Amino acid sequence: MLSIYSAHNPYLSAIIWLAITIGVYLISLVIFRLLGRRPVFHPMIFCIALLAVVLFYVGVGVKAYQAHTNVLTWLLGPATVALAVPLYTQLRSIRQNTLAIMLPILIGGLIAPVLALAGLYFLPLDNHVRLSLLTKSITSPLAIETSQHIGGIPGLAVVIVIFTGIVGAVFASVVYRIFKITSASAQGLALGTVAHAIGTAQGFQMNQKIGAFATLGLCINGVLTAIVLPLLFFLFS
């Protein structure tokens, strides 16, 4: 039935798929809360799995689904800009610790893609796949544009970004506990730099300060990576 709407009424189809997507996410959020809000049961995991089942059952391809829900992709931009609000609330703290904030973001933003490439260096992967990995720790809108400029695959880059964010959100509390990281600013910077928007959302679930510093890590790392990667690709290609 959804396929029929897709062929004859794209607007109705878009509304249906938007409603399904939002409904599936709300169900995933309820499951997450019922299971004690443990990061391992992150709502994104259930949301992706449930949507995959729905798409398979009704016979709609991923490209068709993306076409119907591209408004959600567009909204990622304004949502990222809106993160400036909690960032502003921590402006004084940020000004007082500029060097201590910038240094870990720069180091973390550099190490994350390098480690990913090093780990896959000996695997028989296409260069386009390897280049897509370089954008793994920046938010989706920036990853799409950056991967296009450096010769990566935008669709694959988004999948890698989502996977990276989920892994970061799931294991963040474990890493904090193992290395005894108790500083809210350090926790937030690490989450935002490595796990981008999904990590930032996890940070806000912890507390506002962690979320604000995660926003800082997300924004600075995202902008720097989006500028530096195409520049390096242009210089050394």
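Backbone N, Cα and C atoms are what each Cβ position is placed from, and that goes for glycine too.
Automatic, uncurated: that is what TrEMBL annotation is.
Worth saying up front: this structure is predicted, and the values here are computed from it rather than measured.
If you look at the transmembrane segment (12-32), the same-chain residues 6 or more away from its ends with a CB under 8 A from one of its CBs are 2, 5-6, 41-47, 50-51, 54, 65, 68-69, 71-72. According to TrEMBL, the transmembrane segment annotation covers 12-32 (among others).
The transmembrane segment annotation in TrEMBL covers 44-65 (among others).
For 71-89 (among others), the entry in TrEMBL reads transmembrane segment.
Sequence-distant contacts of the transmembrane segment (101-123), counting only residues of its own chain at least 6 positions beyond either end whose CB sits under 8 Å from a CB of the stretch, comprise 94, 130, 133-137, 185-186, 189-190, 193-194, 213, 216-217, 220-221, 224-225. The annotation transmembrane segment is assigned in TrEMBL to 101-123 (among others).
Residues or ranges marked as transmembrane segment in TrEMBL: 156-179 (among others).
Annotated transmembrane segment per TrEMBL: 186-204 (among others), in sequence order.
Marked as transmembrane segment by TrEMBL: 210-236 (among others).
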Same-chain residues at least 6 beyond the ends of the transmembrane segment (156-179) whose Cβ lies under 8 Å from its Cβ atoms: 39-40, 42, 44-45, 48, 128-129, 132-133, 135-140, 143-144, 146-147, 187, 190-191, 194-199, 201-202
